[in-house]
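Worksheet for the structure shown next.
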Amino acid sequence: MNDFWQHCSALLERELTPQQYVTWIKPLAPVAFDAAANTLSIAAPNRFKLDWVKSQFSGRIADMARDFWHTPIDVQFVLDPKAGMRAPAAAAPAPASARPASAPGSMGGSAGNGAAVDAAVGAVQAAQTARANGANSANNAMANLNANARAAAEQNANARAAAEDSADLDLPSLDANEAAAARRTWRPGQSAGSNGNGETDSMYERSKLNPVLTFDNFVTGKANQLARAAAIQVADNPGISYNPLFLYGGVGLGKTHLIHAIGNQLLMDKAGARIRYIHAEQYVSDVVKAYQRKAFDDFKRYYHSLDLLLIDDIQFFSGKSRTQEEFFYAFEALVANKAQVIITSDTYPKEISGIDDRLISRFDSGLTVAIEPPELEMRVAILMRKAQSEFVSLNEDVAFFVAKHLRSNVRELEGALRKILAYSKFHGREITIEVTKEALKDLLTVQNRQISVENIQKTTADFYSIKVADMYSKKRPANIARPRQIAMYLAKELTQKSLPEIGELFGGRDHTTVLHAVRKIADERSKDAQLNHELHVLEQTLKG
């Protein structure tokens, strides 16, 4: 078992970045191997690490175990018993005077209930002693100790309530006393609440960052190169370059990956940086809970003191006036303190409905960057990179086939690849284009049914207020020719039709006419922000 783990650790150390290896793999330890049941148990030091390693590395470790023992191995992750150890109970209760008093407000281990338990044990002990000395003494002892037990229980309940207030607001994962102390005593260059033990875990737990999402594994192409460049600039100069940075684009295009990458970079560059990633829905929930519990002082103190706030999918603020008001104050405080704010949305800022004009103007005061659906070459690169991370050799022809048929977003591509890998493994077949077609049969059918050239023509005509018939006509005024070229471009991008087929559907035009339109619009899109925005709206409308 230990030989295997040394072998496994050595391989993972070569495959992962030093930060990933030290954070996730090094703290693990094999604790049991059952040869009869073919099960291997690996212990993690805490629940956070256990859940993350199980979701991210279990498949790779299981593959290594199978190769090592030449048989399938069920890899199970367990919590290290030492992590949950409590002080063993004494053989007999010690006298009350001999027992150390619990520290006021202590929340560590079982101390939360310790005072109440100690008082209850003492009450029983005193009552037994009192029987020998007379009923009156027993009654007096029991009355006194019951009062102590009630007081201890009340103290414990108050401590729990304070901790629940902090936890409910999704503030850093500290108990009430630690959280208050961290908010009071934090200084630049010092990690809040860090005591040197499990510091990396604490940083990630407090910041809510995903350490796997970095600039190194972000696939770059024309569709996202500007957004990536802006993100790197902000990570290098937080609070100075582009504040706020507003990234917008459809689902699964890499917005969340980029903002986590910024946070991870800053966490590495600046020891003790106060960083928080939060989804807009969670922020709304925090505002509601702060209102219910009258805890706005703690709420403001926490959010207003951050160095970097990463807020995802801000369109969820729509129509929520109290949340918008609190965020406006937080935004103003952060920018005034030269802290960085980064926001994502699925829509251009001015088109988010139900958002206060004050906030819209703040969003526009920094840099707004669109992330577009990935082009063909980028989709292929994403598939190849993802396959590599899964330790699978993917033929480039297969990657091109998938990339040609699935065009909308990265998440869809990764989901398709997982289906292909599962299908191939289940049927014991090599990944070929034929196997890929079988694995993605339902998905490809839906894709082909979703968007038609006719639908593109109608949607584009409606958008530019012309007649659908103008798409087929020979009319050449600019107000008709331009939308027609845009529709041809979209037909090439969003359907599987060939250039001659598209030309035929546009009034029998030659394929060279279609090619000219496609190249013209593609070139102008990269230079004209207004055209790029219009195309983005059309694409999102067509994709539903």
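In case you wondered, yes, glycine gets a Cβ from its N, Cα and C as well.
According to Swiss-Prot, the features are:
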{"type": "BINDING", "residues": "Gly252, Gly254, Lys255, Thr256", "note": "ATP binding site"}
{"type": "COMPBIAS", "residues": "90-105", "note": "compositional bias 'Low complexity'"}
{"type": "COMPBIAS", "residues": "191-200", "note": "compositional bias 'Polar residues'"}
{"type": "REGION", "residues": "1-71", "note": "region 'Domain I, interacts with DnaA modulators'"}
Entry from the binding-site residues list Gly252, Gly254 having the most other CB atoms no farther than 10 A: Gly254
CB contacts for Thr256 (ATP binding site) [other CB atoms within 10 A, all chains]: 20
DSSP helix/strand/coil residue counts for the region 'Domain I, interacts with DnaA modulators' (1-71): 45 helix, 12 strand, 14 coil
Mean predicted confidence [pLDDT] for the region 'Domain I, interacts with DnaA modulators' (1-71): 85
Neighbour tally for Lys255 (ATP binding site), based on other Cβ positions within 10 Å of its Cβ: 25
